[in-house]
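I have placed the structure first, in the form of structure tokens, so that the comments after it can refer back to it.
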Amino acid sequence: MSNPRNGDTKPPCLPRNGLVKIPTQPNGLGSASITKGTPAVKNRLCQPSSVPAILSPALAPRSDLPIPSLASPLSLAALAGVSSPPGASLVGLNSSEAAPGTEHPSPERLPGSPSERQLAVDEKILNRLFWYFSACEKCVLAQVCKAWRRVLYQPKFWVGLTPVLHTKELYNVLPGGEKEFVSLQGFAVRGFDGFCLVGVSDLDICEFIDNYPLSKKGVKSMSLKRSTITDAGLEVMLEQMQGVVRLELSGCNDFTEAGLWSSLNARITALSVSDCINVADDAIAAISQLLPNLTELNLQAYHVTDTALAYFTAKQGYTTHTLRLNSCWEITNHGVVNMVHSLPNLSVLSLSGCSKVTDDGVELVAENLRKLRSLDLSWCPRITDMALEYIACDLHKLEELVLDRCVRITDTGLSYLSTMSSLRSLYLRWCCQVQDFGLKHLLSMGSLRLLSLAGCPLLTTTGLSGLVQLQELEELELTNCPGATPELFKYFSQHLPCCMVIE
């Protein structure tokens, strides 16, 4: 933790790739971490703590108050809307730490004015104040005193966050060398309904189920990464944890397709399987037969073929709205045919890394999946400008298009995209044939809010400077772009003041 006495204002926990480190705590979970949503979405930079995007009117930030953080303390008296008592210090600073030259008024207080100590533990004030801090800062603040912890441990402050627990953090070593499972009561008080367990075994999962008070009914989401869970462990977990509706298995190579047949339950609505070597077509058959209410499937499997994409049932065709097939190398246009007929109501589709899919496959997608709002074709080297023409002509509801590493895309393809009035996010990372002339086509796209041109080697400073015409742009990524000079970034700061430019 940073010490304000030595002038170090570095936050005690730095978020990186969506993860935050929990400071050491006496319950043995000192090195656990918490993640919000998916890590490093689209490689965006993690931002420092800020006011939450959505607050109820009663909790909305006041424009006349500075935004506090652990590095810039805020007077509790100011937050409460009363004048600070004479001699009162800022939160986190003693009077001796005030700026040099600051006059110290007499310690006399105004009649009826609350003391700084009273304000510091006033739950009404704290319930407003703590909305301003990031997850890692809340973990630090919860260790200040019991009053702060009582307020901070309300579930409302932790909604949308997922604790990440590594196997070595689940046990305390006793003086005799024996291991004791740590207490998870602090997580239960905060109402966490999702966990990510890393490197765990069947025994570790059984211990987690026995020791987490909410495991039987209260846990809705479970993620197992790089774990040695077997078919038996998977079956026990899903049988005991009756509340799980979202399941992720990543890098788990000890369970088989037979384990999926014996353990998957109809209550599961979202499933993600990646880097699991035993997953092939039969796993898709199990998913299609046992998960009739499936709404989201994320699959990264090198051995899944076109045949598997015809297994989905008629009910799944109605309920499933998200399908991500990442690096499924064996999928071809024939698989796309099976998919568009089996799952006609998709709104989110990713074929990232499906290197055998060509323009003809994209044409099938555009003609049959008219409800698509997000399409990811990154790392599809056979995609050309013709595919973009199909997309522009038929996908009128598309809001996000990812074309990273589509090395055959040229300025002509961008001219097709310029007609799409609904497109809000466009990713063109490392599209090595895009030039300044192509950027001119994008200048008419007033709906664009996010544009990524990272790694595009042919774009010049002159061409990029024209992007100031996109006044509604909120995020612009120019990482590893040779034409992005310091002078250009200064120009953007003056003419695109509301846009976050990623260098």
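Keep in mind that glycine also has a Cβ here, set from the backbone N, Cα and C atoms.
Taken from TrEMBL, the feature compositional bias 'Polar residues' applies to 24-36. Per TrEMBL, the feature domain 'F-box/LRR-repeat protein 15-like leucin rich repeat' maps to 266-340, 346-468. Feature annotation from TrEMBL assigns region 'Disordered' to 1-43, 91-115.
Mean per-residue pLDDT, taken over the domain 'F-box/LRR-repeat protein 15-like leucin rich repeat' (266-340), amounts to 95.
According to DSSP, the secondary structure content of the domain 'F-box/LRR-repeat protein 15-like leucin rich repeat' (266-340) in residues is 29 helix, 16 strand, 30 coil. With DSSP classes pooled into helix, strand and coil, the tally for the domain 'F-box/LRR-repeat protein 15-like leucin rich repeat' (346-468) is 42 helix, 15 strand, 66 coil.
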